[in-house]
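Asks: Heads up, here are the entries from Swiss-Prot:
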| type | residues | note |
| --- | --- | --- |
| BINDING | Tyr9, Ser10, Gly11, Gly12, Met13, Asp14, Ser15, Phe16, Thr17, Val18, Leu19 | ATP binding site |
| BINDING | Cys185, Cys193, Cys196, Cys199 | Zn(2+) binding site |
Amino acid sequence: MSENVVVIYSGGMDSFTVLHKALRAGKKVHALSFDYGQRHKKELDYAAAVCTSLGVPHKIVDISAINTLIGGSALTSDIDVPEGHYEEPSMKQTVVPNRNMILLSLAVGYAVSLDANEVYYGAHSGDHAIYPDCRPEFVHKMNDVCGIANYTPVTIMTPYIKDSKTAILTDGLSMGLDYGQTWTCYNGREKACGKCGACEERLEAFKDNGATDPLEYE
């Protein structure tokens, strides 16, 4: 079995931890990032910098043209990013329709071309309330499809799907990871806003771990 794996790497905390987890498991990681027109495109700069420092092969694929088909999200359209807790109903405005199915389909195709048997992404339990394409049942169904869609079966791996962001951070800190190398904020400004749901969940995870977030906030 090939040790090549594909990691969908946004540049955020969760995929950053998944990337390192796969590397420490001895996998030959190929990182894959997507420009889907997100306003927080700054995360891609963080992803590129980390992959360069680690010597990990990294592709950034521009699929921003899909926004002519699937607009209407605060992450991609001219809609204010909601503030408040990550699990509040208002955060549904940040859902990009069918995003993870699209990204995973592309990642699986890339995996097949690499003779890789696994694709990793950083879904976690905090995503379940708002993002249907981060729930276990979605991953199970995608794996059913990925097992028959190509001559080479590919398994979607979600090592943190039952864990909170707090637990992910706990694991990452135990590995000595530097989360100053990650970007979480949904706003694409120079500094993180500290008020959007993504920032609030990140700050909560650091507080729960008794740690200081190295990122600068407004």
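Note that the numbers count up from 1, one per residue, in the order the chain is shown.
Cβ atoms here come from the backbone N, Cα and C positions, even for glycine.
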Asks: Around Met13 (ATP binding site), how many other CB atoms lie within 10 A of its CB?
Replies: 27
Asks: Going by DSSP, is Cys196 (Zn(2+) binding site) sitting in a helix, a strand, or coil?
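Replies: Once the DSSP labels are grouped into three classes, Cys196 (Zn(2+) binding site) ends up as strand.
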Asks: Just to verify a number: CA distance, Leu19 (ATP binding site) to Cys193 (Zn(2+) binding site), in angstrom, no decimals.
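Replies: Approximately 25 Å lies between the Cα of Leu19 (ATP binding site) and that of Cys193 (Zn(2+) binding site).
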Asks: Which of Leu19, Cys193, Cys199 (the binding-site residues) has the most other Cβ atoms within 10 Å?
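Replies: Of the binding-site residues Leu19, Cys193, Cys199, the highest Cβ count within 10 Å belongs to Leu19.
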Asks: Measuring Cα to Cα, how far is Cys199 (Zn(2+) binding site) from Thr17 (ATP binding site) in Å?
Replies: 17
Asks: Report the nearest neighbour of Tyr9 (ATP binding site) in space among the binding-site residues Cys185, Cys193, Cys196, comparing Cα positions.
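Replies: Spatially nearest to Tyr9 (ATP binding site) by Cα position is Cys185.
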